[in-house]
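In what follows, a single structure is set out as structure tokens and then discussed.
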Amino acid sequence: MASARLKYLSLGVLVFQTTSLVLTMRYSRTLQAEGPRYLASSAVVVAEVMKILACVLLVFKEHSYSIRALNSILRQEILHKPIETLKLAIPSGIYTLQNNLLYVALSNLDAATYQVTYQLKILTTALFSVSMLGRRLGVYQWLSLLVLMAGVALVQWPSESAAAPEKEARSAGSQFVGVTAVLVACCSSGFAGVYFEKILKESKQSVWVRNIQLGMFGLVFGLFGMLAYDGERVRESGMFQGYNTITWTVVALQALGGLVIAAVIKYADNILKGFATSLSIILSTLISYFLLQDFDPSSVFFLGAVLVIAATFLYGYEGKPPANPSRA
Ligand code: C5P
């Protein structure tokens, strides 16, 4: 079936994209060139622009490369349906808030605590899928989500030596602020993802048109963010200061991520997206160990990896009806 193929293709591309993004970011951090660092707020804006351009191209392709058809679909669906377009301001605003919350979280927590706690979004996503989309999960599926969460948490558990110095520097107060920010981000991640899924699955409109609508708001929010945080620096040295080939690669991979996530939400769902990103965390850690040698996987890592893989199989287990029910 074509839709099943698209489902697994989109999930596979997501694993590839997340893995390469993590590796490129890690590589860019270890091999940081001299000179000014690029502005993260500018990277967000550039990624939104790339995403919108790519989606416009995809809509153009969907309409047999006709400029007239492209023009009319964009007018009809975006300009002439302001209420439908405004609906996308909700997930877009929440994603912007989320990206900022994660920044607050990272500044108050060590990276490992942050990543481990953020895995709670697997559960919030499932809860929102059940409450907002009426999805039903069996006992094995709930169990597998718990196993997945525990598995990813273990995979990201810091080894003793790596964690100790960083943890000491944080006060209880900043831990509290950081954990609260992550917990709110978990809720916003679950809600925004499922809300976008609801919009996609309740209408026949192309996922790329929806993504243009989402990206337009993202661009506006992102520009505000850039001017608010880094306005001074942008005026001084421009928004592309510190950009190099690796920066462009990271930005392009981030833009690709937005496209792939949209495809995954359309053809698969938010819960399966959680499995794909968990698997890619394992993959990027292993590749980073073999190629960059900047990580030494511990036995806790391997236990976590086994749990994530087991959870992936367990999740699919109940979904399949027995081969021959009459014999059962
Ligand atoms: O952590 P979480 O899975 O919620 O992150 C999703 C990310 O994907 C957000 O940063 C959001 O901006 C991005 N996204 C996107 N396009 C979509 C859906 C999500 O760029 N259609």
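Backbone N, Cα and C atoms are what each Cβ position is placed from, and that goes for glycine too.
Annotations in TrEMBL come from automatic prediction, not curation.
What TrEMBL lists as transmembrane segment is 38-60 (among others).
Counting same-chain residues at least six beyond the ends of the transmembrane segment (137-156), those with a Cβ under 8 angstroms from any Cβ of the stretch are 112, 115-116, 119-120, 122-123, 126, 129-130, 271, 274-275, 278, 281-282, 285, 300-301, 303-312, 314-315, 317-319. Residues annotated as transmembrane segment in TrEMBL: 137-156 (among others).
Cβ atoms under 8 Å from those of the transmembrane segment (176-196) belong to residues 88, 90-91, 94-95, 97-98, 101-102, 104-109, 113-114, 117-118, 120-121, 123-129, 132-133, 170, 210, 214, 262, 265, 270, 273 of the same chain, restricted to positions at least 6 beyond its ends. Residues annotated as transmembrane segment in TrEMBL: 176-196 (among others).
Counting only same-chain residues 6+ beyond the ends of the transmembrane segment (208-229), those with a CB under 8 A from a CB of the stretch are 39, 41-42, 44-45, 48-49, 51-52, 55-56, 58-59, 62, 73-74, 77-78, 84-85, 88-89, 91-93, 95-96, 100, 196, 199-200, 239, 258-259, 262. The transmembrane segment annotation in TrEMBL covers 208-229 (among others).
Look at TrEMBL and you will find 245-265 (among others) tagged as transmembrane segment. Within the chain carrying the transmembrane segment (245-265), a Cβ under 8 angstroms from the stretch's Cβ atoms is held by residues 6, 10-11, 13-14, 17-18, 20-21, 24-25, 27-28, 31, 38, 43, 46-48, 50-51, 54-55, 193, 196-197, 200, 207-208, 210-211, 214-215, 272-273, 276, all 6 or more beyond its ends.
Here TrEMBL flags 272-292 (among others) as transmembrane segment. Same-chain residues lying 6+ beyond the ends of the transmembrane segment (272-292) with a Cβ under 8 Å from its Cβ atoms: 7, 11-12, 14-16, 18-19, 22-23, 26-27, 30, 119, 121-122, 125, 145, 148, 151-152, 155-156, 193, 261, 264-265, 301, 304-305, 308-309, 311-312, 315.
Nonlocal intrachain contacts for the transmembrane segment (298-317), taken as residues 6+ away from its ends with a CB within less than 8 angstroms of a stretch CB, comprise 140-141, 143-145, 147-148, 150-157, 159, 271, 275, 278-279, 281-282, 285. Annotation source TrEMBL lists transmembrane segment at 298-317 (among others).
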